[in-house]
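Q: Checked Swiss-Prot, it gives:
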{"type": "ACT_SITE", "residues": "Asp72", "note": "active site, proton acceptor"}
{"type": "ACT_SITE", "residues": "His100", "note": "active site, proton donor"}
{"type": "BINDING", "residues": "71-77, 99-101, Arg364, 390-392, 473-475", "note": "GTP binding site"}
{"type": "BINDING", "residues": "Asp72, Glu73, Gly74, Lys75, Asn97, Ala98, Gly99, His100, Thr189, Arg203, Gln283, Thr298, Arg362", "note": "IMP binding site"}
{"type": "BINDING", "residues": "Asp72, Gly99", "note": "Mg(2+) binding site"}
{"type": "BINDING", "residues": "Thr358, Thr359, Thr360, Gly361, Arg362, Pro363, Arg364", "note": "substrate binding site"}
{"type": "TRANSIT", "residues": "1-44", "note": "transit peptide"}
Amino acid sequence: MSLSTLSHPAAAAAGSGKSLFPAGPAAQSVHFPKARLPVPAAVSAATAAVHAEDRVSSLTQVSGVLGSQWGDEGKGKLVDVLAPRFDIVARCQGGANAGHTIYNSEGKKFALHLVPSGILHEGTLCVVGNGAVIHVPGFFGEIDGLESNGVRCGGRILVSDRAHLLFDLHQAVDGLREAELENSFIGTTKRGIGPCYSSKVTRNGLRVCDLRHMDTFGDKLDILFKDAASRFQGFQYSKSLLKEEVERYKKFADRLEPFIADTVHVLNESIKQKKKILVEGGQATMLDIDFGTYPFVTSSSPSAGGICTGLGIAPRAIGDLIGVVKAYTSRVGSGPFPTELFGEEGDRLRKAGMEFGTTTGRPRRCGWLDIVALKHSCQINGFSSLNLTKLDVLSGLSEIKVGVSYTQTDGQKLQSFPGDLDTLEQVQVNYEVLPGWQSDISSVRRYDELPQAARLYVERIEELVGVPVHYIGVGPGRDALIYK
């Protein structure tokens, strides 16, 4: 894969007050604002608070927060910020492969994997929908960790009776399959997600409701064990192992029972009662089983369609969808990454952004923002707005590149994000170069107080994808957010 760089008028025109972008169907003119007198800190904070309240209160009854890249965009933080204004926060797909890092009001860090990010807010009901897969030991491990830190979970979490159970055997199979593929690693988290969804699709999986029928639970689990043993030589299976697992799940069944509910009914009744629901997506659109960089994808649908199938609510009930996009791009594991940076440039973003997986701890691959991939995500999901995260990480760069288009080896420009990986691996990325900024922006809370070049960057993204940026992250804390 090669790249080319387009000279951009922004570098020369910054601060001139003139339009920085050519007029045309894909872009509107952007002008830098005239110089302003300093605003007293108290007035600035009050104005920012009012703007934030207006922005959040205007969200629709059922809203969603979805990842628009390859995950790790910072979805959990936005869900945590928005959750107090919603009655319910719901997860619709995925499992413990999703890692959401959030901070409470005291700055304490919580790494969540299956429990929805709304759990830190006492008045919020958290729902794990039918589209998710549940590793019960891991689920209780999360709950125990939260409660040991003073977060009450009892009576605040509902788990769908239709959700599929993820067993340790699925995790074992995940590792065996990855080893079998040798050099063609997909980059699985080895949490058993893919094998569990495989069991679901082949219709021999067990669901949460099966825990209510322990008289037949062992026979159903035996089928899963035998299937794994017949497929993988390295999988150890015995009747004694099956018996141990059944006894273990008898105890889990008793503890899980208070959490189990028909969440499809609960959510639809809540919609009738005008309660507000915030949907928290796991992973991201570029990892979608249908629309991502297949086969280097997850096993569920982290795009807008997964909300309906993963929660059992009608498409017409869904209103605002917020796409979360990092100010640059990262991905964990294998797979195409057209704008990836190598060497010192990639290391600089990785260190500044602390780009190490919440779930795996693996260093993330880093690169420039890919507008082609972002437009693909916006098209599929119909985002009403974007949350641009980690803008502060770009501080200190003399220039910032944005991948705006792909060119094929024959010189033809691609009109869309290709589904063919061979094509994607060979594209040439065409970049625009924008001026960077040197100041630390982590304490900025008003959009008009950002450096001129930072505002240019935000507005150019809006122009290129045709979706407004309403939220801008400038640090990890829940207060490090600008409402635009």
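Every residue gets a Cβ built from N, Cα and C, even glycine.
Keep in mind that what you see is a predicted model, and the values were worked out from it rather than measured.
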Q: Rounded to a whole angstrom, what is the C-alpha distance between Val474 (GTP binding site) and Gln283 (IMP binding site)?
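A: Approximately 21 Å lies between the Cα of Val474 (GTP binding site) and that of Gln283 (IMP binding site).
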Q: Hey, how far is Leu391 (GTP binding site) from Gly99 (IMP binding site), Cα to Cα, in Å?
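A: Just about 20 Å between their Cα atoms.
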Q: To the nearest Å, how far is the Cα of Gln283 (IMP binding site) from the Cα of Lys77 (GTP binding site)?
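A: Their Cα atoms are separated by 14 Å.
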Q: List only the single closest residue to Arg364 (substrate binding site), chosen from the binding-site residues Gly71, Lys77, Asn97 by CA-CA distance.
A: Gly71
Q: Around Gly74 (GTP binding site), how many other C-beta atoms are within 10 angstroms of its C-beta?
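A: The Cβ of Gly74 (GTP binding site) has 22 Cβ neighbours within 10 Å.
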Q: Roughly how many Å lie between the Cα atoms of Asp72 (active site, proton acceptor) and Asn97 (IMP binding site), rounded to a whole value?
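A: Between the Cα atoms of Asp72 (active site, proton acceptor) and Asn97 (IMP binding site), the distance comes to 11 Å.
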Q: Given the binding-site residues Gly71, Gly99, Gly361, Pro363, and counting only Cβ atoms in the protein chains shown, which has the most within 10 Å of its Cβ?
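A: By the 10 Å Cβ neighbour count, Gly71 comes out on top.
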Q: Compare the C-alpha of Thr101 (GTP binding site) with the C-alpha of each of the binding-site residues Gly361, Arg362, Pro363, and give the closest one.
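A: Smallest Cα separation from Thr101 (GTP binding site) among Gly361, Arg362, Pro363: Gly361.
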